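According to TrEMBL, the active site annotation covers His89, Asn163. As annotated by TrEMBL, heme binding site applies to Tyr377. Annotation comment: TrEMBL describes 39-430 as domain 'Catalase core'.
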Amino acid sequence: MTSLATQAKEAMANLLPDDPKIKDLKGNMVHPTSSSQMTTDHGVKISDTDHWLTASNGSNPGPNLLEDQIAREKITRFDHERIPERVVHARGTGAHGYFRVFDDRASKYTFAPTLTDPSRTTPIFIRFSTVQGSKGSADTVRDVRGFAMKMYTPEGNWDIVGNNMPVFFIQDAINFPDFVHAVKPEPQNEVPQGQTAHNNFWDFVGLRPEAAHMVMWAMSDRAIPRSFRMMQGFGVNTFTLINAKGERHFVKFHYIPELGVHSLFWDEALKLAGQDPDFHRKDLEEAIKSGCPPKWTFAIQVIAEKDEHNFDFDILDATKVWPQDLVPLMPIGEFVLNKCVDEFFPETEQAAFCTSHVVPGIGFSNDPLLQGRNFSYFDTQISRLGVNWEQLPINRPVCPVFNHHRDGAMQHKINKSTVNYHPNREDEVQPVPPHEGGYSEFMEKVIGMKQRVRTPKFQEHYNQAQMFYNSLKPHEKQHVINAFSFELSHCDDERVYKRYTDLLNKIDFDLAKAVAMKVNGTIPDAPSREKYPKTDETLSQLYFAPKTPTIASRRIAILIADGFNHAEVSAVRAMIAGAKATCWIIGPRRGKIYSAGQTIGSGTGLVADHHFEDQRSTMFDAVYVPSGDEHAKTLKKSGRAIHWIREAFAHCKAIGAIGEGVEVVKRALDTVEGVQLAGLNDDHSVVSSYGVVTAGKYDVPSAMTDIIQIAPGPTGFVSNFAYEISKHRCYERETKGLTDSVSY
């Protein structure tokens with residue numbers, strides 16, 4: 001795997017576009033080598049970095065001497081390495097990439113070249129994050145995911161500070177401190193970390209019905225993504241586009257992942273939080289370095305200014321979506337992440353984003369949440385990084401920056417000028433008129449009275465929450481019920497969980513009834529309001545399944561023991577690798593595992609990447625058990641190997657087995673009824689049942705006719721197995737109750 005990954009990385013490097021931001025960062029990069037000599041921060045070479053200067057007779061320790069500047073510098077610098085972590089979105093990771101549009105189709109709405117010029121490639125940096133937890137929390141907690149993009153355009157930096165959900169918990173930014181206080185660990189004991197399953201959060205959202213729609217998203221599978229690469233992204237707020245004629249349109253931004261939108265199972269997410277808390281970070285880096293850079297389609301929804309009030313909701317309300325049957329999605333471009341950061345702190349940790357950072361052709365709306373974010377984000381970056389935060393390499397624009405801002409902590413610029421104000425006698429640093437590229441605000445007519453008020457359309461909170469639930473597939477609805485049941489069962493204040501089960505009845509009667517029965521809430525006798533009938537098929541994750549099945553970047557675990565069929569494993573691995581998935585050998589030990597016919601300890605063997613105890617099925621997308629008599633006997637006796645298969649089955653993952661390997665799967669699923677398996681014979685035919693793909697035999701003739709395409713069929717083990725993997729999960733296994741029969 002190492003050599004393949006290296007080759008893929010080198011190939012990707014050759015495909016990188018000419019990236020002005022990467023060139024800009026190179027001026028701040030240092031490249032230590034074995035010949036680099038250690039120095040102090042002031043450049044003096046260090047002869048000893050292991051012993052503090054002391055007053056010693058050489059036989060006994062003596063007192064440390066404060067005159068040792070080398071030791072004091074080393075300790076002092078260490079003491080000050082940390083900066084304040086973000087209040088929210090503290091846990092995150094990032095990568096570099098590029099954005100480009102397909103053509104100039106958006107020019108009817110905006111004159112921004114980044115959105116209209118297909119000859120331009122814009123460098124980007126994206127930071128993904130969780131919201132609630134601290135910097136040291138786990139990746140796979142149930143939470144909203146931040147999806148913040150910085151575009152380094154010739155007109156200046158443009159930040160889209162989005163999430164993986166299109167709505168938010170509050171309508172007005174003035175409520176943001178209350179929301180964050182409520183969602184964070186409770187003040188008396190700093191518990192819980194990285195989750196909303198506690199009294200304060202559910203108390204807050206139960207008393208603020210405007211949060212109902214967002215809570216439905218947060219309780220859905222969207223809150224436990226399989227990967228950052230398999231998330232949708234949304235700008236959340238309503239922005240505006242201004243075209244060359246000076247006309248304004250309202251806009252929402254969308255990102256659609258090439259690989260589809262996929263999630264973990266809740267049990268899987270819980271386990272991964274302990275087994276591999278960096279699962280999402282590592283997944284992003286692995287995909288980029290193995291030659292599968294993640295890609296998204298960039299799309300917009302546009303509403304003409306004259307149509308602003310033609311809907312039964314307010315288009316400026318951040319707790320509402322614009323249904324796509326009313327406002328179609330228009331794909332206009334794509335972006336790719338193809339370079340990992342070189343050092344986490346100066347790039348990812350110091351990256352800072354502001355919703356107020358827009359470029360000419362893009363503007364703001366009167367979305368009350370956006371208006372407050374525009375103030376808050378700029379202010380919080382100053383608090384965390386200092387007033388000169390935009391001079392940090394990752395944040396500085398690639399275009400020239402001139403103004404009369406001066407001084408402040410950590411000022412890096414040296415301005416060679418005798419004037420630092422405007423106007424000045426030298427005519428230095430002049431404002432730029434709009435026709436030459438200067439930013440100008442849209443001339444909006446505003447009539448109103450100074451008052452604290454929410455307009456009438458902002459008062460309706462349940463229709464779209466109901467529409468979201470209506471639009472989910474059966475397994476997605478069950479997952480929502482399970483999520484509410486988990487969260488509210490962690491609330492020990494009866495007022496909190498009973499109030500929220502009452503609120504759920506305003507969204508959906510069946511949902512409220514199911515949750516109330518689980519958590520001892522108030523079980524409703526009848527719906528508290530008339531059911532909102534509307535649906536939107538784009539709200540289900542299954543809508544975004546790739547049109548062409550793919551297993552690119554999927555992780556397949558191959559379970560083996562001594563005596564496995566080496567030729568078969570080699571053939572299957574090669575074909576899976578050809579489809580850009582990765583295979584990982586899992587054995588009883590990390591080291592050589594010997595195939596059938598080899599003498600243990602003297603054969604060439606196949607080196608296992610991991611052993612059964614140091615990895616779990618939760619870290620993989622599928623499990624494959626090859627043939628081999630002795631190998632199968634060993635696996636059938638291994639409780640851990642059997643647990644691998646049972647757990648993968650319960651999480652609805654694809655499972656493949658050939659020959660004697662089928663007997664191992666049969667042993668693992670001995671309590672399950674209804675799954676059909678191939679017999680132990682010389683038949684090449686394939687049996688695919690509830691995502692379990694088996695065959696009696698696999699040899700050279702089998703391989704020669706296999707993997708022509710990723711699709712189901714009577715022959716072709718890998719083709720069928722890959723097809724089941726491409727579906728992400730076999731949810732029919734869950735809805736038919738088969739997973740209930742397995743202990744995992």
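Each Cβ is built from the backbone N, Cα and C atoms, and glycine gets one as well.
Model, not experiment: these values are computed from the prediction.
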Residues near His89 (active site) in space but at least six apart in sequence (CB under 8 A): Ser129, Thr130, Val131, Gly146, Ala148
CB within-chain contacts under 8 A for Tyr377 (heme binding site), separation at least 6: Val161, Phe353, Cys354, Thr355, Ser356
Residues that sit under 8 angstroms from Asn163 (active site) by C-beta distance, when 6+ apart in the chain: Val144, Arg145, Gly146, Phe147, Gly233, Phe234, Val236
Integer mean pLDDT for the domain 'Catalase core' (39-430): 97
